[in-house]
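Read the structure below first, then the notes.
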Amino acid sequence: MKYKSHGVQFKDLIGYIRKLTGCHPLAQSLHQLFWRNEIISKNQKIAVVEGLYVLFRELLPQLETKHGEKIIEDLDVFEYSNYCWAYLLSEAKKETSEHENYAPFSLTSEEGSRFCDPVTVTGIPGLFERAVVLQKINDGEKIPNCPEEVLRETSLNRATDIEKILLSVHPSMKTYDLWISHDSVTGQNFHANTQKSFGDMAEELKAFPQLSVSPPLRLKDLGIDDLQLVFLSEDNLGVYLGKDKLAPAKIQVYDCLAGKTQNVDVDVLAARTGDHREVYSFVTTRTPKEAILVLIDTSSSMVEKCYGSVEIQKIHAVKELFDNFATRTMSYDFHHVIGLVKFDSTVETLHTFTETLEKFKEHVHTLQANGQTKLYDALHHGMLELEKVKKFPDCKLRILCLTDGNDIGSSNKPDVVVANLIKSNIIVDSILLGKVENNILRGISNATGGCCFKPKTSKDGLKLFEIETVLSLEMRKPKKQTIPSSITITFLTVIAALRGYDEFPKAVLPSQMNSKVIVTESALKNKMRDAKVGQLMEKDKRILEELRSLHCDPHPYFSIFPSESDFTFWKILMEGPPDTPYEKGTFELFCQFSSDYPVKPPLVRFVTRVYHCNINSVGRICHNIFDRNYNAQITMRDILNAVYGLLIIPEPEDPLDSILAEEFMTSRETYEQEAKKHTEETAAQSRDDMEKKLVDPEKQLVPQHLICPLTNKMFVDPVRTKFGTVYERKAIEKHLKTNKNDPKDDQAELLTEADLQSAKEMKKMVMDHRSRQIQEKL
């Protein structure tokens, strides 16, 4: 897309990119694309993609940087390319293009054809085609101005620099712009050293509307002639070129993926992309799944102390809670848009809906307490603000209200406000600070299907905003909303008294958790039969391979049970690692493979609650294998090992539960005692008993020599003692903790773990047998 405004010339932009990167192939390719509007070769496309990726990765916040809390994962770098282009265009204004000097260089010979094998002739300036010169030598012709009387083949020299150019550019190019200012520019080798947060970059983006995605219905307006970005589908961004003047609803769009121009009806496009708004009131890079309007009470009573004896003003407690809310929301990378409103004697929108929250903190930190508490007016205002988002039909709407008291001075009546909130399908969550008993607000939250929380301590408040079902409605178990016509002030008071305050919202599990599961052998046979009938998708092929691997070579501490009706959903049982607080527990997990697998990692969560600083209350696991360290080559065995390892060695420096992380670092003994106690309460069932509940025990014909004499089950990780007996590793190691002898040796000689060695021959026999299991009767 050519950039046409703001006084930024392409030479300035390319010069700045050359200075930042020191990557001349990238700058040269961009010059040909932007300035000369030329086709570039495959090699140049690689230079553009790889060069821009490294540059954008450097510009965007990542784990090692300290500017702002939002982290952009490596896989998502190009999803935020518009922010990077806005930054580059903004900074390029301060640069000069005086070093972007090019000399046109012809790539054609005197005969008019493009060079194939360019050579120079000693003593003659310019280039020649080798075949042409050799023909002249054979014919005895002389080349004008050639100092040699008899021209020989040895007089020809390869023009290697030109060969490189010919190999790097598109075959259609006849003239090449050669950059000639090599000695005047020193590149920074991709070291951008920007100190701007993601919020700062988002602000810069507003100055470049061409980089924002236009809603389809806006393109109906007359006078829109500039190129615009527009979604053709959820995952395909196209370029608006213009429209049919006789039919304003018909627009011309360039589909970048297909490389074609197509005519599209904007009404059809709006229906397809889910964006029907005629007024685009906020910028978003992706379709939001939830819109949250945060209401903050700044009335005069907020200067009072809260949390009992703790000397902290309520207004400062609110700032602390909001900081935690913003930080966690950004780290989870929810598809949310969030708006901010303060209320006292007046109600004021501080920030319209946005995906970035850094700027919110600046607003919140400057809040001062004064005036009345117009709570009901604020709720009514919040409902009107959320109307801006309702054109995203699948976006959930929520108000999050932080207050310390009852309403004073509102012109709106609570029962009318609540009825309208329910009609608009808006959920109200509320957090009460201090000793106040606000029964009406508690009733409002319950009537709208929300929750009302009243943290007793600062630690309780911070922990509240680490609960995923508080931060997002996506995994929250829905509450039934009250019928609007039945809402009265008395009803709100009664429902508040009946239900009390919420501790934390319950989570909802995937619907597949209720479906029947089967053993890996049966799942593989079923899917392999399907594969014979029809073509499997690449995702299914990969899942099949992962399951086959875990069937033939199972993880000793995990059991896999795929859903009978949905091959992409697995139930998983995991035994706690030995010598940890979890060793006597068996934990249930689930694994869900999305349509993007293996490009994106599977969703793996605990169903059994775990006392662990890297696992939250709804089972989310914090491990880099699920984000920055994930790639398509990561196997399910790698993921299971990572989860298993996390229970052996927690990572308190990267927690999901900061309270437990602090406990782990300050009092590890207490942490481990609590983890052990919690495991006994929630995960005490044995793995065998849990397996029997999931699937009916099947009698399998397993050769006796493949069965461990201690477990009476087929070997998984067999070891051989110094006496030659073969056992399952974890079974014999458990035995040796209390008995120092071979359990099947009558001599009762001393045996230790050092006397155990992997039984490779047995392992191979077991794997061969398991492989034959899934080949039978096919």
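Yeah, the Cβs are placed from backbone N, Cα and C, and that goes for glycine too.
Annotations in TrEMBL come from automatic prediction, not curation.
Among the ranges 670-689, 730-749, the one that TrEMBL lists as region 'Disordered' is 670-689. Here the region 'Disordered' (670-689) has long-range neighbours at 559, 573, 575-576, 581-582, 584-587, 608-612, 660, 663-664, meaning same-chain residues at least 6 beyond its ends whose C-beta is under 8 angstroms from one of its own.
Mapped onto DSSP helix, strand and coil, the domain 'U-box' (701-776) counts 28 helix, 12 strand, 36 coil. For the domain 'UBC core' (538-684), DSSP puts the residue distribution at 55 helix, 27 strand, 65 coil. Across the domain 'U-box' (701-776), mean pLDDT in this model comes to 89.
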